[in-house]
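Colleague: One structure follows; several queries about it will come next.
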């Protein structure tokens, strides 16, 4: 959370091709294997010998959640970035309605997540969490029923501390009771924050809620919000479906770019079942330009970050809806191969001319040319840089223009990119037969 931060106590030799995703994911979730997510049988026709080191996934570990969730990054909406504590059941219902009427729900934005301030300031006489009687008078169960009736899922918020960041009751030492009541209400998602944690290490505080959620018998997405304090990518793959790798995002260019760089560090650790989380989307909140928001959405999608809308979807501009509803970029984020793309090269003053890329199913690549400079720049992605064999020919599709740029390009690809803008492409090999997973 932003407002109460001062109250913390302590704060892939050759690969891709046809990928046996479902087998590996199911085994990983059962905790039976620890192996790279990318498997080789392309025979070296597409990818260079350096591909394995560029897109390393060997650090991805075993999952212990047993909830079968997060095979692709979660998509939905969260109340905090726009509403903060100014939430109530009407806002949540209207947001669910807007996700459906705008078409966003059909694109995958299915989680409607309530953040802090939903509960009363005190537990009841039996020690149970209670919805605030003025803002959620109908209770969470009826609200969940309404959200479910729209084909969506309801998320809720708590904290791995004695209080939430806004000083509502936390779930530390109440994990079993709170998990049980969340399940009884029909909750589908839990964001679990890190305030008022009594100085207890996150690696000790977060597993009890995992175990309590598992014990309910209900599949509840478990989102760890530890702010990256103790490098959760190193251990949270055994605990949650996603883990925050950074402090809170703000609706500024500086905050968004900094967080993208911090999250990039942990690319090798993410994959189906558990994802690095660089925090929610700020698109539509007004602090950045249209071009900057395009970059925000492009890089979050390429990084396989959760796509959680943070604006008021009831009152979106056409530009905001255009960005959030880009089906081709959403498809990159939700690609079944599930490998986080990463920053491959940075040139220019302050490394502002950047190439980000990653593998997709069907021997394809996604490439983002991101100009973080203050002037237009020509940015080049070479095959050697992104791990393609130098002789391979590809077709190039522009995901923002929704058109094929070229059908036969080899060696490299470049584009003129405006200041603070981002171009995003899918490269498909033309000389190899392949099938999408």
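Residue numbering: from 1, along the chain as shown.
A Cβ is built for glycine as well, from the same backbone N, Cα and C atoms used for every other residue.
What Swiss-Prot records for this protein is below:
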type	residues	note
DISULFID	85-117	disulfide bond
CARBOHYD	88	N-linked glycosylation site
BINDING	115, 116, 191, 226, 227, 228, 229, 230, 244, 248	substrate binding site
DISULFID	165-195	disulfide bond
ACT_SITE	193	active site, nucleophile
CARBOHYD	214	N-linked glycosylation site
ACT_SITE	248	active site, proton donor
CARBOHYD	250	N-linked glycosylation site
CARBOHYD	315	N-linked glycosylation site
CARBOHYD	408	N-linked glycosylation site
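Situate these features within the shown structure.
Modeller: Taking the Cβ of residue 117 (disulfide bond) as reference, residues of its chain lying under 8 Å away and at least six apart in sequence are, in sequence order, 84, 85, 87, 132, 135, 164, 166, 168. Under the DSSP three-state reduction, residue 117 (disulfide bond) is assigned to coil, being neither helix nor strand.
The number of other CB atoms found within 10 A of the CB of residue 88 (N-linked glycosylation site), across every protein chain shown, is 17.
Cβ environment of residue 244 (substrate binding site): 224, 225, 226, 227, 228, 232, 277, 278, 279 lie under 8 Å away, each six or more residues apart in the same chain.
In this structure, residue 195 (disulfide bond) belongs to neither helix nor strand by DSSP; it is coil.
Secondary structure at residue 214 (N-linked glycosylation site), taken from DSSP and collapsed to helix, strand or coil, is helix. Around the Cβ of residue 214 (N-linked glycosylation site), the number of neighbouring Cβ atoms within 10 Å comes to 17.
The DSSP secondary structure for residue 250 (N-linked glycosylation site) is coil.
Its Cβ placed at the centre, residue 315 (N-linked glycosylation site) has 10 other Cβ atoms within 10 Å.
Under DSSP, residue 408 (N-linked glycosylation site) is assigned to a strand (E or B) in the three-state scheme. Non-local contacts of residue 408 (N-linked glycosylation site) by the CB criterion (under 8 A, 6+ apart in sequence, same chain) comprise 393, 394, 395, 430.
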Colleague: Least buried of the recorded positions 115, 193, 248, going by other Cβ atoms within 10 Å?
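Modeller: Fewest other Cβ atoms within 10 Å, among the recorded positions 115, 193, 248, is found for 248.
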Colleague: Tally every other Cβ atom lying within 10 Å of the Cβ atom of residue 250 (N-linked glycosylation site).
Modeller: 17
Colleague: Through the lens of DSSP with three states only, how would you label residue 244 (substrate binding site)?
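Modeller: Residue 244 (substrate binding site) sits in a strand per DSSP.
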Colleague: Take the C-alpha atoms of residue 115 (substrate binding site) and residue 195 (disulfide bond) and report the distance between them in angstrom, rounded.
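Modeller: Residue 115 (substrate binding site) and residue 195 (disulfide bond) have their Cα atoms 14 Å apart.
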Colleague: In whole Å, note down how far the CA of residue 88 (N-linked glycosylation site) lies from the CA of residue 165 (disulfide bond).
Modeller: 18
